[in-house]
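Working notes for the structure below.
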Amino acid sequence: MKPAVKRIIFFAALIVFWELGSRFELWHETILPSPVSVYDSLVAGFADMTLVYDLAASFRRLLIGLVAAVIIGTGVGILLARSKTADETLGTLVLALQSVPSIVWLPLAMMWFGLGEGSIIFVVILGGTFVMILNVRTGIKNVDPLFIKAARTMGSNGLDLFIKVIIPASVPYFVTGARLAWAFAWRALMAGELLSSGPGLGYTLRYASDFGNMSLVIGVMIIIGVVGAIVDLMIFQRIENNVLKRWGLET
Amino acid sequence: MFIEAKQINKVYFDKNNKPNTVLKDIDLSIKKGEFVSILGPSGCGKSTLLSMIAGLVSSTSGEIIVDGKKVVKPGKDRGMVFQQAALFPWMNVTENVMFPLRKEMSKKEGLERAQHFLKMVQLSNYPSHYPHELSGGMQQRVSIARSLAMDPAVLLMDEPFGALDEQTRSRLHGQLEEIWIDTKKTIVFVTHSISESIKLSDRIIVMGTRPGTILTDITVDIPRPREQHRQQIAALEEQIMGLLKTEIDKVIDEEQAYEAGS
């Protein structure tokens with residue numbers, strides 16, 4: 001059986017079980033609304049455009065945050081890989097900060113940037129930056145010494161060696177870094193939106209919860225999951241697989 | 001002399017700061033256009049010596065002169081082929097061969113040159129393939145073309161066929177011999193295979209180990225193509241085998257002593 005068929009059967013069974021459970025009142029509608037009411041609230045949300053505006057607002061923040069995270073992460077990652085002193089000082093700080101969930105920064109960010117766009121984007125950037133830094137650093141440090149030796153015998157050194165050989169050789173790590181940065185940034189974005197003002201998927205989730213609209217809460221959760229899975233599968237895993245294959249790291 | 005190594009010594013310091021002599025008092029001269037093999041058991045420093053000629057490794061004392069110039073760093077006058085092809089996976093075959101040319105000539109010239117040398121290694125049908133799409137033998141041929149494309153005075157080869165299967169290796173021996181005859185390059189070829197060195201080279205420098213020294217310098221005067229002179233090859237092989245046996249025994253004894261001691 002094809003994986004796609006297995007998946008369809010699995011999800012269909014899950015939804016049928018969920019619907020039957022609601023029909024036979026194994027649990028109460030206010031605790032876990034049925035798939036049909038979740039579907040209805042999603043349709044209503046898209047019909048009056050609130051969910052569309054939410055998606056657009058969330059994606060805008062994500063894009064700004066992720067691009068900034070990738071740029072900053074690449075810069076700092078290169079610095080840590082090239083300078084031993086930076087690695088021993090700033091590198092330790094990065095390692096420590098990486099274990100702090102980025103949402104923890106929100107109170108500070110609100111003091112600095114106010115209760116809106118700025119602080120959410122700040123949290124998203126922090127969410128993606130550290131993992132990008134660490135991957136870029138590892139990538140550059142792990143370039144096969146043979147590539148460097150071969151390039152040097154072909155008259156390449158210094159900046160030319162770095163740009164033409166070391167950077168391209170570490171591209172697989174850059175891609176993995178960007179993929180993880182996206183995953184972290186997406187989580188940070190949702191957390192940030194839950195705690196601040198709208199529009200945005202996370203904000204609508206909290207708003208629905210405040211008004212006891214559990215079917216919309218579940219609907220937004222499903223959107224968050226589906227968007228996450230689609231971006232990961234369709235964009236990042238595809239790029240990653242192509243790069244790994246080309247770079248000879250996977251057969 | 002075209003390549004000259006004078007009183008080369010190389011000492012490494014291990015973790016306990018104990019000196020470890022890799023190469024001791026190496027004197028070697030190689031004529032222009034010669035095909036010289038450096039043969040020895042593993043650990044004799046033959047690859048280190050080759051890397052010194054390439055300028056990738058510095059010596060503790062002594063100097064190496066190539067074409068009248070002292071070697072201080074790598075340069076395009078000395079092309080190097082490694083045991084692994086070391087092709088850049090993000091470039092296709094042609095781009096790889098053009099890599100050393102990009103600064104000194106136009107794209108068009110570089111492309112023509114790359115095509116010429118890819119033809120020489122019989123890979124002109126694979127210009128846009130990526131390294132991962134080629135077999136090990138094909139990759140190594142691209143690597144040879146890449147070195148030749150920068151027109152080096154010397155081609156340094158560090159066990160270039162060591163990772164290939166027997167049949168591929170044998171075919172590449174033939175190709176390399178033809179390339180050498182066509183281009184008249186000076187080739188320094190490091191190997192641990194006695195038959196490979198006899199098949200290919202004008203001269204065989206046999207090295208001993210611990211510390212790495214030159215045991216003997218054998219001139220191979222078997223006419224080419226050499227496959228037809230089986231008896232002469234066998235006789236020479238036996239002679240070298242005898243020389244190396246004591247060296248290999250030395251390595252094994254030392255390893256056993258080390259294991260017994262630890």
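Each residue, glycine too, has its Cβ placed from N, Cα and C.
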Of A:31-52, A:119-140, the range TrEMBL labels transmembrane segment: A:119-140
Cβ contacts under 8 Å made by the transmembrane segment (A:161-185) with residues that lie 6+ beyond its boundaries: 62, 65-66, 69-70, 73-74, 77, 102, 124-125, 127-129, 131-132, 134-136, 138-140, 142-144, 147-148, 151-152, 228, 231-232, 236-237, 239-240, 243-244, 247, 249
Same-chain residues at least 6 beyond the ends of the transmembrane segment (A:62-81) whose Cβ lies under 8 Å from its Cβ atoms: 87, 90-91, 94, 121, 123-137, 139-141, 174, 177-178, 181-182, 185-186, 188-189
